[in-house]
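According to TrEMBL, the protein has these features:
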type	residues	note
DOMAIN	278-422	domain 'O-antigen ligase-related'
TRANSMEM	34-57	transmembrane segment
TRANSMEM	63-82	transmembrane segment
TRANSMEM	89-107	transmembrane segment
TRANSMEM	146-165	transmembrane segment
TRANSMEM	177-202	transmembrane segment
TRANSMEM	222-241	transmembrane segment
TRANSMEM	270-286	transmembrane segment
TRANSMEM	292-309	transmembrane segment
TRANSMEM	330-353	transmembrane segment
TRANSMEM	417-439	transmembrane segment
TRANSMEM	451-469	transmembrane segment
TRANSMEM	475-498	transmembrane segment
Amino acid sequence: MSVRKNHVNLDAEPMQETRWPRLRLLSPDGGWKILLRQMATIFFWVVLLLALLDYGAVGAETIVVSVSFATLTLVLSLAVCGMPQYTRGAVTTACLIILGMALVVYLQTTPHPSIIDPHPAWKTAKLFTASPMDAVTSLAPADDRFALLAATLPFLFFITGLVLFDTDERALNALRMIALVGVVLAVLSLLQFLLMPGTLLFDKKLFYKDSLTGMFVNRNTAATFFGILLLTLVALTWRSLRRLDWTRVWILTNSNMPLHIDDYMRLKKSAFFVLGAGVIFVALLLTQSRGGVGASFGGLLLLILLMALKDDMRPRTGPPTVRRQWLRRSLVALVAIVVMLGAFGLFSGQVLLRAAILGGEDGRFCVMPGILALIGDNMPRGIGLASFAQAYAPYHNPECGIDAVLVKAHNVYLEGLATLGIAFIPLIAVPVVGLAGIFVRGILKRKRYRFAGHLGLATLLLVLLHSVLDFSLQIPGFAMMFAVLLAPLVTICLRPNATGTSGKTRRRPQPGP
């Protein structure tokens, strides 16, 4: 296939955006700034990958190292790049959430009887110890303080992502990088599952031997991970295909003429995105996670409806009537949904069989009354960020099994209410409502980049749905990946509009000597 180059720049470049004052630590010629930005970006991705390759960063050592290097990367990024003004609100909100969690953990792990009541268990414990003990709200104060590090980790990556991916072009490159990383991890996971089903990364596989779990121990976390990657690949595929001039491609191909360079590159990108989406789709189904596949289906359905009914491309043949436009978009949405249903129905046999066999029988529902009783007895103070296992034990129903210890509630919302008390409500509501508002703003204001708002809402729905049935959001590795995906989407949705721009940063002309 021959290609002819295009010498016309169709996309103008906007002026450089307003920034907060940055630290003047570097040479004004900009050479070192570019190098340090590239180093910070590489460091950012390396830390993320290393954390994922430690079973989702569940080890204490990995959390400490990841927090240290993430903080170092954030400081370096701020010194080199500064903070774009339009992401100031998002960064401020993220910092306030971190401070809010830290304040709650501080009150729960230190004695403040005049502010917050201590847990009754400490009064009983004093009867069996000779040394005095601090009566606090938490049952495991040291564990709670350490758990705060893991809870802070995704926020550090989110803020760093906002700093590094500060333009439309950099944000799009970050999304493509996420897609590339996701496809590579999916391929490696598939190869290991098919060739070495008894191993998990570098060790023996102990749980879920019949399911693909990727780099995670739990198949539900793997399903959520591959679910958000699938949404990303589908959104990038849709955007790439919609930007193609299919009429020109058809005419040039039939006339044996060289393709336009832009069309050729978009065809190559689209082919990669389609193949990558197929690989990740297979990996998702092989997890056999009912909740993960179902939540991914819901997120994908919302994404297709939003992209089809609220397109981000202008018609090339003149403005159609409103009726014709809605008929065309409805037809596209219907066809896409039929294809999606057919794909799920054709390839999700194992998931459907497992759902049919188990039905509504699930240990999560058996332990639910005990968790609700735990919440009621400890509201509004909570029991401590990492104290769920110790606090839940007296509430456990023996009929739910006595061969294992329940360390997670398998419901992010219930465990949040149990551990953080009433403070969990604003801590979860503020970011969810804020992100939803940002993505809606992107759909309404960034007309050429509406896909970012579509992808953001669909991803948010997927994670919120699956959090009802599992604790994927509490796994640091997945939470980091989720935060890294949100950062470029927030950047695109919050950037100010510029007529005819592509999102690249134009340098202001330097004055002459």
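Any Cβ shown, glycine's included, is placed from N, Cα and C.
Note that this is a predicted model, so its numbers are computed, not measured.
The transmembrane segment (177-202) and the transmembrane segment (34-57) are in contact, since at least 3 Cβ pairs between them lie under 8 Å (pairs 6 or more apart in sequence). When Cβ distances are compared across the two stretches, the transmembrane segment (451-469) makes contact with the transmembrane segment (292-309), since 3 or more pairs at least 6 residues apart fall below 8 angstroms. Contact between the transmembrane segment (292-309) and the transmembrane segment (146-165) does not hold: fewer than three of their C-beta pairs are under 8 Å, each pair 6 or more apart in sequence. Each residue in the domain 'O-antigen ligase-related' (278-422) has a pLDDT score, and their mean in this model is 76. Same-chain residues lying 6+ beyond the ends of the transmembrane segment (146-165) with a Cβ under 8 Å from its Cβ atoms: 37, 40-41, 44, 48, 57, 60, 63-64, 66-67, 70-71, 73-74, 77-78, 81-84, 87, 90-91, 94-95, 97-98, 101-102, 105, 171, 173-174, 385-386, 476, 479-480, 482-484, 486-488, 490-491. Taking residue pairs at least 6 apart in sequence, the transmembrane segment (89-107) and the transmembrane segment (417-439) share three or more C-beta contacts under 8 angstroms.
Counting residues 6+ beyond its ends, the transmembrane segment (222-241) has Cβ neighbours under 8 Å at 175-176, 178-179, 182-183, 186, 189, 211-216, 266, 269-270, 273-274, 276-277, 280-281, 283-284, 287, 289, 291-293, 295-296, 299-300, 303-304, 307, 312, 451, 454-455, 458-459, 462-463, 466, 470, 472, 478, 481-482, 485 in the same chain.
Sequence-distant contacts of the transmembrane segment (270-286), counting only residues of its own chain at least 6 positions beyond either end whose CB sits under 8 Å from a CB of the stretch, comprise 179-180, 182-183, 186-187, 189-190, 193, 211-212, 214, 222-223, 226-227, 229-230, 233-234, 236-237, 240-241, 244, 292-293, 296, 343, 347-348, 350-351.
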